[in-house]
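Only one structure is covered here, and it is reproduced in the block below.
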Amino acid sequence: VAFLVAYHQNKQLIGEKGLLPCKLYLQNVKKYFKGKINLDALSYAPTIIWFLDWSDMDSVLDYLSVAGLATSAFVLITGCANMVLMAVLWVLYLSLVNVGQIWYSFGWESQLLETGFLAIFLCPLWTLSPLPCSTPPSSIVIWGFRWLIFRIMLGAGLIKIRGDRCWRELTCMDYHYETQPVPNPIAYFMHRSPGWFHQFETLFNHFIELVVPFFVFLGRRMCVVHGALQILFQVLLIISGNLSFLNWLTIVPSIACFDDLSLGFLFSSRRGGVKDRVVQMQASRAAGEQPPLGYGCYIRKVVNVSFGLLIAYLSVPVVLNLLSSRQVMNTSFNPLRIVNTYGAFGSITKERTEVILQGTSSPDPNDPAAVWEEYDFKCKPGDLKRRPCFITPYHYRLDWLMWFAAFQTYEQNEWIIHLAGKLLAQEEEALSLMATNPFAGKAPPRWIRGEHFKYKFSRPGGTHASEGKWWIRKRIGPYFPPVNLQGLKKFYEDRNWPYPVRD
């Protein structure tokens, strides 16, 4: 899914004519390090794009995405993987994340990289088999996954308790469903749950994130309970919101909390199947028929021990951060993002605001008679009558960043002015990020402006809902003033952005 999102959106976001071109970003990094691609530059932005041809960056981004998409699809469909394939996937996605700038600044990007790095050592070196007989997964790697889910959940719980007071007062869920980045239709109804239910939800959240993680260290049965509760919790989050592939991804390390006995029911007992082959392997070893260990097995043990020591060493700043009263969330302490700190919703917005982009063909944007038409995004709230979308595990990066932009200023999010210029030019790449183009088949707009609105869910069964409205809104004021292409020329030149050209 991550590579699919990259293939569909990278060109528009970080490509040659993207909102934040990655070529310009790499050039600035190179310039900062005295014009050289040295170890410092590689450490600052580890990506194989440094060594590729930048003359057609769109093709480079596509090649990386397609390579990742094909490799991950092979692993998913066949159930076969080895260290080489998993390392390729990790390097490809690391290369995209480190040039993705704010579009790849979310915690689940680092979480995917850490999960992927652990997966490298879960697999045999060369063998492609769903059941590699000679290289069973090391307990060190299994505990690496358990350590990951422990940190993910505990970090999320601690940042809440230390952050917004509504988590301590058990009132955060009164707002969460309505103000989360991209609500879905179920959130519309969950928002209207009674207050006691929202309090129960908050208490359950604290139990899952602050208490249950310690079950992983309390023996087999409690570890299995931990895995089951975490997966249940992630499924509930998947149902109630569009948090990209975050919750789907968090299920992965939870699987390491189970053993063969607890997972055996998922596999067929037919003769020759995986379960039957495991039974035969266990019987052979019980009878003393285990094949002699070669040098490769000893090398593997050395690699696994080295891997465990690396994870322990890189975990030191992460643990110190968890213990700190000034805890930060979703941060990497090493450029390869091997061990990271996580967290989610440390603070809850109490009101939902949205930036609505509007265009007009009027020569005078200040004319009271000017007709302003709205652009709708793929998923974020806009049209009051449009049903909230359900897209998880897919992810619209622009829609997510628009949520952040709504409680900041356009000066803090210059890319939104870049987007406005591209809409003025009706660039196909930018328009592909939008759900609607009110000027399709017509002359491009002469002016684009950003308007700031406060949004609230309509009440199910109420007056607005009977009119087909999922949302009600009230104008706050202008977000950015009307702009035209000519007026943006110097703005583009100062930032070395390509000037939009009408397609």
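Backbone N, Cα and C define each Cβ position, glycine as well.
What TrEMBL says about a protein is an automatic prediction, not a curated fact.
Range with TrEMBL annotation transmembrane segment, chosen from 106-128, 244-266, is 106-128. The helix, strand and coil residue counts that DSSP assigns across the domain 'Lipase maturation factor 1/2 C-terminal' (338-481) are 31 helix, 37 strand, 76 coil.
Proximity of distant same-chain residues to the transmembrane segment (302-323), defined by a Cβ-Cβ separation under 8 Å and at least 6 residues beyond the stretch ends, is recorded for 121, 138, 140-141, 143-144, 147, 151, 154-155, 158, 331, 333-334, 338-341.
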